[in-house]
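What follows is a set of notes on a single structure, which appears directly below.
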Ligand SMILES: CC(=O)SCCNC(=O)CCNC(=O)[C@H](O)C(C)(C)COP(=O)(O)OP(=O)(O)OC[C@H]1O[C@@H](n2cnc3c(N)ncnc32)[C@H](O)[C@@H]1OP(=O)(O)O
């Protein structure tokens, strides 16, 4: 029997304020933050003791003990323990990818409701042991006699005792994501001033949104924080101009600083999705619908494409499938991994050569109206706890579309490590 796909509704979201790394949430684990975030969502939508179809979430940096972090968070939360839950991981696209998975199951009628989310902490990063030491420890664990234990330890050297600390770098190139972004910034001739301007706007927009109460029903205070700790309402071009470059520093004309790059951040977010019927039965709002989504990947290792440029490729596929142009949107949410990445992506869409040769289009996608971009701030100001960014953006955009009224449309574009990108369209 054929089933008719339907479009999943976004009921609303919840997140904890995002904290600077090694600061307010230094003692909190991913599980603590995700559990608190789920409980905030449960409280907001009256889901105490209830079972939702599925909870799908993830973390980019996960301890080995967190086999199924999401299920553990559900068991620690006030949701019914009968709620199935599992982890996904798509780097910085994790939160959005989780929402797409939930939305697709709702669309197919396999579930009526679900929660998508993400959490990350660089304060509680997983440390690994040296590969040789790990094998020794495994042998030691299964050794039954003193002789076997001593044999297992034989050959172990002091240098092998040093822990392996996760680096914010691409495994295939050894370069930090910021250094990759600096290469792209140079290729697309993205200037320091335009990066700093985008950064100031992000801080101003986020601060204004908090001041007008926009986040009152999206953010639940946690561990003494009620606003994102990275937010600097007094951010200015003058202050940003004083910062020294931190990425691509081999180049004397390097432009990327701690100000126009996202900081290392701790936090979690979650979004409640459902069928229209499920929401109506409970008297819950429908802010928007997740209409469609697309992923793309680029060859940043041998293909000469920028590590964070995959959304530039994913968006035209999505537009073509939906019969839309890049200008047919009321809001654009382009994840600010680095200010230069947002600017390079927009420049690529405007560039006839890029659009023809790399995207195979007859004409460039064109410019977007900058006054519709990240109007309530984005990752430069809020911070970027990798897997939690998607949930922050979906909940923010869904509320913006709802406030704007029916028939409004928003584009989400998230670049991710590994040369990947996840993009989606929401409509009110
Ligand atoms: C797909 C993706 O999303 S890829 C992106 C993934 N994320 C990343 O790669 C994270 C990148 N970020 C980082 O690695 C780090 O945050 C860095 C290297 C950029 C900066 O690290 P730190 O040097 O520890 O940053 P810190 O917070 O101390 O800031 C450095 C200085 O800049 C200043 N600063 C930062 N932002 C601003 C601002 N908006 N306005 C004014 N000053 C600022 C700070 O006050 C600080 O000044 P100080 O030294 O006088 O106190």
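Placed from the backbone N, Cα and C atoms, the Cβ positions cover glycine too.
As recorded in TrEMBL, the features of this protein are as follows:
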DOMAIN    9-276  domain 'Thiolase N-terminal'
ACT_SITE  92  active site, acyl-thioester intermediate
DOMAIN    285-427  domain 'Thiolase C-terminal'
ACT_SITE  384  active site, proton acceptor
ACT_SITE  415  active site, proton acceptor
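A map of TrEMBL features onto the structure.
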residue	record	Cβ neighbours (10 Å)
92	active site, acyl-thioester intermediate	31
384	active site, proton acceptor	25
415	active site, proton acceptor	32
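Mapped onto three states, the DSSP output places residue 92 (active site, acyl-thioester intermediate) in strand.
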